[in-house]
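**Student:** Features from TrEMBL:
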{"type": "DOMAIN", "residues": "200-626", "note": "domain 'Anoctamin transmembrane'"}
{"type": "TRANSMEM", "residues": "209-231", "note": "transmembrane segment"}
{"type": "TRANSMEM", "residues": "243-261", "note": "transmembrane segment"}
{"type": "TRANSMEM", "residues": "314-337", "note": "transmembrane segment"}
{"type": "TRANSMEM", "residues": "357-379", "note": "transmembrane segment"}
{"type": "TRANSMEM", "residues": "400-421", "note": "transmembrane segment"}
{"type": "TRANSMEM", "residues": "433-455", "note": "transmembrane segment"}
{"type": "TRANSMEM", "residues": "501-524", "note": "transmembrane segment"}
Amino acid sequence: MQKSLSVYDSDGSTFVPLVVIELVSETKEEAIAWLLNRVRDKQQDGGAELLVEQLTPGAQGTEKDNPNVYVVGASWQRLLYGAEDVGFFKEFNDGSMRGFTYANKHNFKEFQGDGDGFLSMAECQYIIKHELDNLRAKDEAHVPGYPKMKLYPGKSVIRRMQSKGILVQVFPLHEKEELKRLSFSWFKKIKLSFQPLDDIRHYFGEGMALYFGFLEYFTLALIPMALIGIPYYLFDWEDYDKFTVFAGFNLVWCTVILELWKRLSASLAYGWGTLSRKKAFEEPRPGFHGVLGVNPVTGRAEPLYSNAKRQLRIYLVSVPFVLLCLYLSLYVMMIYFDMEGWALMIHDEEPTLWTGLLLFIPSIIYAVVIEIMNLIYRYAAEFLTGWENHRLESTFQNHLVLKVLVFNFFNCFASLFYIAFVMQDMVLLRQSLATLLITSQILNQIMEAFLPYWLQRRRNKKAHKRMIKTMEDKELPLSEQVKLEADMSTYLGTFDDYLELFLLFGYVSLFSCVYPLAAVLVVLNNVTEVYSDAFKMCKVFKRPFSEPAANIGVWQLAFEAMSVIAVVTNCALIGMSPQVKSYFPESETQLIMWVVGFEHFLLASKFILTFVIPDVPKHIQIKLSRLEFESLEALKKRVIPKNNMKGLQGE
């Protein structure tokens, strides 16, 4: 905790600033006073019971600076009660992970003295965000000073002000000393070692740590395939038929690594206290709108929207739009094949070094077009999913992921499927796969790391100078630090990062048998990805709020679906190889039946493996079962005395 940057609340209380709230500069005074009072009010009065103070401009402040910037913190006791409210799990004295309770705080292993250091800064910031999000309107009809900004009992105040544009942003502050230590151990010192996942989790939260854990695991899992692929590629340079063994290895590899990852993520999540944590009740997302009604679960007033209307929007607008985009992608693919034919014709007429290089130009152009189409479609998919008006953020994300995955899969892999199974040109397949893979990796590195940093410099040169001072480890006053971080780009989550890994997994698992160096290229990409992602998290983007997570969520299903497609694809490629065809010289029907039978056998084996390999290691299952047993026993002890008392009263 940055105690050197403590500030004073209006009642004289000293607190460490953890979160920043920025309102628009024209916000009316009565609205500001009302919001600050609600933040400071006691919980029993419907407030958040947090400490908040206006940020005083520093020596370098100007008239252009927004005066409506506030820093928020909380007393240590309030944070400990908040840790109980949000359901944090911590290590107990007996080594098990248990839900934290304030009354039982001294029985937790890391709780020493008054508990200072028991909660990380990321956990404290998450608690404050939780309390701000749960700050609800009471009997106010509207936000003071804004008659048109209607309120109703139970409505989230922060979400309402954010959706109406009064509240610009809410973001957590960096802790400079801890960030400096994390940066040094994470990406400033290039070394062959594992990532500091516990430190990443401590600073950014479990969701971010699981992403980097999966990135590291995926990279390590690729190493055996890369080691096999290098000699396989070198010794069979011109023999494209000898890919049967490599395809068979692909089939086993893509199944086993996903099952083992589930066990590893369960171990990580248990150690971080999120595996057995109950999922919080989801509130309506900020963009959700509808006719005011009563939620039958909470009894609170909130917007209600007909599910029938939503389904009509999905099936009459969204689905046709996605199909239209797939058709456009198919049309662009056919243009690419025309360009390939044109380049091949020129090369055949006059084979030279330059015409040989010309053969790669269509694939490079097509790879760039694919990335542009993916980017445009992403924005369209976000707009369309928002227009569908989903009530919950999780439902919104699931529909968005489905739309984006379907289009990206078709856009990136349709040409490869066409070359492999329609044209049956393994030379062109290898060339196209290599070009698409290399070009997409270069573009992703530019878009993810260098472009945001360059835009940051362009947008605010003064902020960049402050950033350089920070990077040189010079102390900045709180006002300057807040200005610097407020001007940084907002991190939009791990969606794009997981999407990139999903596509790379597809390139490797689907077609790497015809281009064994694919795994090598992906390993090199992932190594640079670790450093570029770490750099942008620490230096380019605002610090995101931590997101408790027990696994990688819907992306696990996406990777498993890709592994099923990989089984079908590799079986088909094996069936097309001359070695296999030679066993069925007279009957193509028998060959097809053999391939289909083999594919069904592998799919059955894959699903059997899924059930045979437990998702949670045995020792963790035992600990979870013991905790559940003790909870039931404790509940019985509470209930039985009450029943005995009733019996005595009856006598």
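Each Cβ is built from the backbone N, Cα and C atoms, and glycine gets one as well.
Automated prediction, rather than curation, is the source of TrEMBL annotations.
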**Student:** Checking distant contacts: for the transmembrane segment (433-455), what same-chain residues at least six beyond its ends satisfy Cβ-Cβ under 8 A?
**Tutor:** 360, 363-364, 366-368, 370-371, 412, 415-416, 489, 496-497, 500, 503-504, 507, 511-512, 514-515, 517-518, 521-522, 525, 528-529, 532-533, 535-536, 539-541
**Student:** Need a quick answer: max count of Cβ pairs under 8 Å to the transmembrane segment (501-524), which of 209-231, 314-337, 400-421 is it?
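**Tutor:** Stretch with maximum Cβ contacts: 209-231.
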**Student:** Using a Cβ-Cβ cut-off of under 8 Å, list the residues of the same chain that are 6+ residues beyond the ends of the transmembrane segment (209-231) and lie near it.
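**Tutor:** Answer is 194-195, 197-198, 200-201, 246, 249-250, 253, 257, 261, 264-265, 268-269, 272, 494, 497-498, 501, 505, 508, 512, 516-520, 522-523, 526-527, 529-530, 533-534, 549, 551-552.
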